[in-house]
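Engineer: Structure below; questions to follow.
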Amino acid sequence: MAVTNESHPKEFILLGFANHPWLELPLFVTLLITYPMALMGNIATILVSTLDPRLYSPMYFFLKNLSFLDMCYTTSIVPQMLFNLGSSRKTITYIGCVVQLYVFHIMGGTECLLLAIMSFDRYVAICKPLHYTLIMNQRVCILSVSIMWLTGVIFGFSEATLTLQLPLCGTNKLDHLLCEIPVLIKTACGEKEFNELALSVVCIFILIVPLCLILASYVNIGCAVLRIKSSEGRRKAFGTCSSHLIVVSLFYGPGISMYLQPSSSITRDQPKFMALFYAVITPTLNPFIYTLRNKDVKGAFKKLLRSIFSSK
């Protein structure tokens, strides 16, 4: 074990899949393919939502924020992962770890809140269609997103700062692919019960409360859809919500497994696979889920591509 006399190490050694070295090459190739796909997909979503007047609605305003969050979220960890997987040095500087810790958790917490706001938007669109433009007006959308960002920053910043106060007692090895709060708490020495309690409280507000709001929204949406008499109307209502439900499942499932599961029942490699899932796979799939299941977005993409090629 590497030991230092300083209050914190100059760098951390990220062990990653050191016990499964054969996984490194397939993982490197996978990230090398999925990361550019995630960037291009999310940038394209932001562009079409901004440039196409048909997509000037609350749903696509929130989708732009989701795409921006996903880009920042995945960019905070994937370049470092690629560097470590592609070289013999599996390290990250202390400053790099701190930056990654803040960005990763601020973006992750904010996305939890955004998914709840998006579910409320779908609830109003389906359950109160005549009042949709009145309830989800531009002022409400901007205010809700502003509160969402502020809350995500406060929770992520405070929890990361609290975690960085823990003594490491000279340890500079992290059994993970990235700098993540549960791993740093586990690695720290001394009294850390307060940090574990604080993390649990934050997770209740950032994970459980938004998830309950999402479930409540979709219970009401389900009841409203069942009352629709025409099969075409039910299919259209289901189509507008199915993409969001898929995204919620992909993001919240691994997140809850990582942050709310008792540490005693978590295996050594489980946090690494969970982190890959909600920080790499989900941001990569999100643009394609919304594109493939949405005629308006597909039409806007085609229009954007035609304008690009015709200009050439």
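Glycine is no exception: its Cβ is also placed from the backbone N, Cα and C atoms.
According to TrEMBL, the protein has these features:
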DOMAIN    41-290  domain 'G-protein coupled receptors family 1 profile'
TRANSMEM  25-48  transmembrane segment
TRANSMEM  60-82  transmembrane segment
TRANSMEM  102-120  transmembrane segment
TRANSMEM  140-158  transmembrane segment
TRANSMEM  197-226  transmembrane segment
TRANSMEM  238-261  transmembrane segment
TRANSMEM  273-292  transmembrane segment
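Set these features in their place in the structure for me.
Structural biologist: With a cut-off of 8 Å between Cβ atoms, the residues of this chain six or more beyond the transmembrane segment (25-48) that come close are 17, 55, 63-64, 67-68, 70-71, 74-75, 78-79, 81-82, 85-86, 276, 280-281, 283-284, 286-288, 290-291, 297, 300-301, 303-304.
Non-local neighbours of the transmembrane segment (197-226) in the same chain are 109, 112-113, 115-116, 119-120, 122-123, 126-127, 152, 155, 158-159, 162-163, 181-182, 185, 234, 237-238, 241, 245, 248, 252, 255-256, 259-260; each lies 6+ residues outside the stretch with a CB under 8 Å from one of its CB atoms.
Remote same-chain partners of the transmembrane segment (238-261), defined as residues 6 or more beyond its termini with a Cβ less than 8 Å from a stretch Cβ, comprise 66, 108, 111-112, 115, 118-119, 122, 125-126, 182, 199-200, 203, 207-208, 211, 214, 218, 221, 225, 270-271, 274-275, 277-278, 281-282, 285-286, 289-290, 293-294.
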Engineer: Quick one: find which recorded stretch in 60-82, 102-120, 273-292 has the most Cβ pairs under 8 Å with the transmembrane segment (140-158).
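Structural biologist: Highest pair count goes to 102-120.
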Engineer: Please report, as numbers and ranges, the same-chain residues at least 6 past the borders of the transmembrane segment (102-120) whose CB is under 8 Å from any CB of it.
Structural biologist: 59, 62-63, 65-66, 69-70, 72-73, 76-77, 144-145, 148-149, 151-153, 155-157, 159-160, 178-181, 202, 206-207, 209-211, 213-214, 217-218, 244, 247-248, 251-252, 255, 278-279
Engineer: Mean pLDDT for the domain 'G-protein coupled receptors family 1 profile' (41-290), as a whole number?
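Structural biologist: Computed over the domain 'G-protein coupled receptors family 1 profile' (41-290), the mean pLDDT is 86 on the 0 to 100 scale.
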